Amino acid sequence: QDGRSSFIGHQLGGVMEVPNSKDQRVKSARAIQITYYLQTYGSVTQDLIGEKWESEFCKLMHKMQLDHQDLQLYSLASFSLWKDFHQTSLLARGKILVSLMLILLTATLSSSMKDCLRSKPFLGLLGVLTICISSVTAAGIFFITDGKYNSTLLGIPFFAMGHGTKGVFELLSGWRRTRENLPFKDRVADAYSDVMVSYTMTSSLYFIAFGMGASPFTNIEAVKVFCQNMCVSILLNYFYIFSFFGSCLVFAGQLEQNRYHSIFCCKIPSAEYLDRKPVWFQTMMNDGHHHTSHHETNPYQHHFIQHFLREHYNEWITNIYVKPFVVILYLIYASFSFMGCLQINDGANIINLLASESPSVSYALIQQKYFSNYSPVIGFYIYEPLEYWNGTVQEDLKTLSQGFNTVSWIEQYYQYLRVGNISATNKSDFISILQSSFLKKPEFQHFKNDIIFSKAGDENNIIASRLYLVARTSENTQREAVELLEKLRPLSLIQSIKFIVFNPTFVFMDHYGLSVTMPVLISGFGILLVLILTFFLVIHPLGNFWLILSVTSIELGVLGLMTLWNVDMDCISILCLIYTLNFAIDHCAPLLYTFVLATEHTRTQCIKNSLQEHGTAILQNVSSFLIGLIPLLFVPSNLTFTLFKCLLLAGSCTLLHCFVILPVFLTFFPPSKKHHKKKKRAKRKEREEIECIEIQENPDHVTAV
C-alpha cells in the first residue's frame, strides 16, 4: 500500500514458493504473524490504558476464534507471560492440599504398629504438622519483609517436607533403639544424643548449599529468592523439630511409660483381663505381651518395616548371588547417567515455566512450528546524537547490521538519496531533506515514530533513532538467539555508536546468557569444601570419602536421567539439583557413618546393622516424599511437571543407593573390619581371664552368678 516496501520474511510461516521461479516468489503461507505496538508516554494512566486495551484485544481475538472456526487465532500481549506464569500457583492449590493429606496418611501409617502401647501414629502425624507450621511461619516472614510471591516458590513445601520428616522419622527410630526400662526422660535424652548431632550436621549443609545459591555469585534472580526463603525454612524446621516435636515425643514417652493406649489415651488392661475379652477387643488393646518372649530385649522389632528389613531384605541384598546383578545394575545406571550428562545444553524454553493450557503456551508452540527460521524482532536503539551524514558512521552502521534483515529508516533514506541522485553530505541538508521530503512521502511516513528530533533555535538535531533487526536462524532458535545477544551487547560498549538492543523475550533469555549450572556448581563446591575440611575431624575419614562418592553418584545420576527425560535446565531444575545434593547427604550420611564406626566381625554384619538402625527412617521418609509428589502430576502446568520429574529422580536415586548400591559395594571395599575383630578377641580373652581369677578367689560367688 502506498508503494511501501518492507521485509516480512519473519512474519510468514509455512511458506511455499512458486515452482521454478528465479526470484523465489511466495505462492502461499500457512501462517502470518502480526505485531502491534502500543504507544505510551511512561505515565501510570497510559500503562493502565494500555493494559486495558491488551485485555480487550485478547478477548476480541478469543471471540473471533469462536466465530471463525476455519481460522486458528493465537494472541500474546505484554502481560500474558506474567499472567500465565502465576496461573500455576492458582491451579496447584488444591493439589498441594491433597499432597499434604497423602503425606500425613503415609507418615501416620508408617509410624503405627500392632502393639497399641509402642505404636506412635500421632507422632508421625504431629511430625508432618510440625513441618507445615514451620513452612507457614517462613512464608509469613517472607511476606512481612515485602517478598513477592511467584510460582517457583511452590517447591519450598516439598523441599522442606523432605528434610523435616527425615528428622522426625530419625527421632522415632532413635526412640525405638532406647531401652524400655529407662525413665522416659532418659530415653528422650538418648534419642536426642543419637539423632540430633547428625540432623544438625545435615541441616547445616542445607543452610550452606542454599546460602551459596542465594549469594551474589548466582546469576538467576528467581534462584536467589528461592534459596533465601529455603534458608529461612530450614532454620525454622530445625528449631521446630528440636522444640515442638521434641515436646510431643516427651509426652508420648510419658504415655508409654504409664501404659496408656497410643491412640485412645486410656489405660491398657492387664494380660489376664484381655484373655477374657473378645478377639476384636484384644486386637485393639494388644500391647505385644503375646509376642514378647523372656529373651527378647526390644519389642520394637515387631514394627513391620524393621521386621521386613531384619528378616527378609538384609539377608537377600547381602546374598553372594545377588551382588553381581547389583554391580551390573549400577553399571547400567552409570552409563545412562553419563550419556545424559553429555547431552546437557544451557538454555530453556519459556513454556516450561507456564501453565500447560494457557494462551501463551499455545502461541509459543505455533510460533516455534511456523516461525522458528527467524530470530525475534530485535529493537536496535541509538540513544545519542550521531552524524548520520558522515560516510564513516554509515559504514559502521552497515557493519553492525551485517547478516541481519533490517527494517530501517536509515537504509531506506540512503536508498532514496541514491535513487534521486540527491547529495546530503552535511548536517543541514541531511536533516532538511529527511524532514521536508522523505518523511512526507506516503510510503515512508511510518518512519516518523522511529526518529526523535529536537530543535535548538533554528537548528534541528536527531537525538535518538531506532531500527529493527531480524536474523535468519536454524530450528534451535533459543540457543542461537542467546549467542546473538552475546555478540551484540559487547559491541554496544566498544563501538563509537552508542546503542542498546531489546526484545521482550530477552528478559527470559537473560536467565540463560551465562551458564545456568552455576548455582549448582557453587552449592556443590560449598558442600564438598565443608566435607573435605571436616575430613580429618571425624572419627573415621572414610565416612566422608564414601559420602562424597555417594552424593556425586546421585547428583550425576539425577542430572543425566533428567536430561534423558527431556527436562531443560531452567530455574526449577537447577533448584532441584541443589536440593538433590542435600537430600542425598540427609539419607546416606547416617547409614555410612554407622557402617564405618561399627565393630562387628564382618562388613556384611556391619551393613546389616546399619540398615536395621537407619533403614526404617530412610524408607519412611522417601516413601512419604514420593507419595506426596503424585498430585503434582494432575496440575496442568509444565512447571509442576518439571518439579515432579526432578524430585522423583532425586528420591528414586537416593533410595537406590541407600538400599541397593551401598549395601553391596560396602561389602567389597574399605573400611576393613579385621582390626575390630582382633580387638574384640583380645577383649574377650581378657574378660575370660578376669572371670577365672574371680572364681578362684571366691568360689561361692559362682552360685550368686
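Placed from the backbone N, Cα and C atoms, the Cβ positions cover glycine too.
Quick look at what TrEMBL lists:
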- 96-251: domain 'SSD' (DOMAIN)
- 90-110: transmembrane segment (TRANSMEM)
- 122-144: transmembrane segment (TRANSMEM)
- 156-175: transmembrane segment (TRANSMEM)
- 196-214: transmembrane segment (TRANSMEM)
- 234-252: transmembrane segment (TRANSMEM)
- 520-539: transmembrane segment (TRANSMEM)
- 546-566: transmembrane segment (TRANSMEM)
- 572-596: transmembrane segment (TRANSMEM)
- 617-635: transmembrane segment (TRANSMEM)
- 647-669: transmembrane segment (TRANSMEM)
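Residues of the same chain lying 6 or more positions beyond the ends of the transmembrane segment (572-596) and with a Cβ under 8 Å from any Cβ of it are 152, 155, 159, 162-163, 166, 170, 198, 201-202, 205-206, 209-210, 213, 220, 223, 226-227, 352-353, 516-517, 519-520, 523-524, 527, 538-540, 542-543, 546-547, 550-551, 554-555, 558-559, 562, 606-607, 609-611, 613-615, 617-618, 621-622, 639, 642-643, 646-647, 649-651, 653-654, 657-658, 662, 666, 671. Here the listed stretches are 122-144, 156-175, 234-252, and the one with the most C-beta pairs under 8 angstroms to the transmembrane segment (617-635) is 156-175. Residues of the same chain lying 6 or more positions beyond the ends of the transmembrane segment (196-214) and with a Cβ under 8 Å from any Cβ of it are 163, 166-167, 170-171, 223-224, 226-228, 230-231, 234-235, 237-238, 241-242, 519, 522-527, 530, 575, 578, 581-582, 585-586, 589-590, 593. Taking every recorded stretch in 90-110, 234-252, 546-566, 647-669 and counting its Cβ pairs under 8 Å to the transmembrane segment (156-175), the highest total belongs to 234-252. Non-local neighbours of the transmembrane segment (546-566) in the same chain are 333-334, 336-341, 343-344, 524, 527-528, 531-532, 573, 576-577, 580-581, 584-585, 588-589, 592, 596, 645-646, 649-650, 653-654, 657, 661-662, 666; each lies 6+ residues outside the stretch with a CB under 8 Å from one of its CB atoms.
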